[in-house]
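Notes follow once the structure below has been shown.
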Amino acid sequence: ELGWMSKVYVNRPAVVRHAEQIKKWKTVKGNWQAAWLLKAVTCIDLTTLSGDDTPSNVKRLCFKAKHPIREDLLKALDMHDKGITCAAVCVYPARVSDAVNTLKAAGCNIPVASVAAGFPSGQTPLESKLIEIRLAVEYGAREIDIVISRNLVLTGQWQALYEEIHLCRAACGEAHLKTILATGELGSLDNVYKASMIAMMAGSDFIKTSTGKEVENATFPVGIVMMRAIRDYYWKTGYKVVGFKPAGGIRTAKEAITWLMLVKEELGVEWLTPELFRLGASSLLGDIEQQIFYHVTGSYACQHELAMA
């Protein structure tokens, strides 16, 4: 509905002011903090997207996704039998088979997500993007994280953006589609809202802030705008099916809790599930486990005491 796009106006000063207030929120403490952190763990897409990824470090990542928190720490919290795992493992298409085979051998049903569609720049022909998506699905990926062509947003080609995402949605088949907006390169919050809405109209299961490779990644202003786009889409269509995924630069337990609290404020408790909220992160889990270790023992762990810390 292009008419909807023409009416969009985002009050940037108000959004920025609200984002500054969010940074001042007091974090929870004690058992409440531990509970929020364990909730955050179950929403993490544990990610490795490095040029030097090998089968061995992907296997290690998969093991960590299945056992994100040390068993003795979970027992101390009486959470050892609750099946706490990360939400997904995210890798490049070439490493999907390694992750799928490792998780299958471990008897684990954690889905494998694959970036695709010319990640991270998106500067590849559409035909190549679709082939990459189909290959990732063929290798066993159950979730596909595509990145949009930012030039289509910057030049206002909304119909072309819709068609590109719609074709990517079709190429995913049964796999879930997460659409990365690369918000740090869209130029304005108006464009962030419009791109969010187009992605949802085209069939995205999630809208995601960033690739993690931009200069500016997940920030509270773009998070607020994207979540309000999700809320508007729900109010207009009645479909509560689109999730939100902040990614890039989220490294501390405090930041993770703040994102969870923001989702609860903007979208409601219903969105605080792995089906509708994810955290894209590679180093976040280490800090969360460190904070849980401190909660249980009263002291911080040495580096060798926490795997991948």
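Placed from the backbone N, Cα and C atoms, the Cβ positions cover glycine too.
Pulled from TrEMBL:
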ACT_SITE  Lys208  active site, schiff-base intermediate with acetaldehyde
ACT_SITE  Lys245  active site, proton donor/acceptor
When you measure from the Cβ of Lys208 (active site, schiff-base intermediate with acetaldehyde), how many other Cβ atoms are you left with inside 10 Å?
28
Taking the Cβ of Lys245 (active site, proton donor/acceptor) as reference, which residues of that chain separated by at least 6 in sequence fall under 8 Å from it?
Asp45, Lys178, Phe206, Ile207, Lys208, Thr209, Phe277, Arg278, Leu279, Gly280
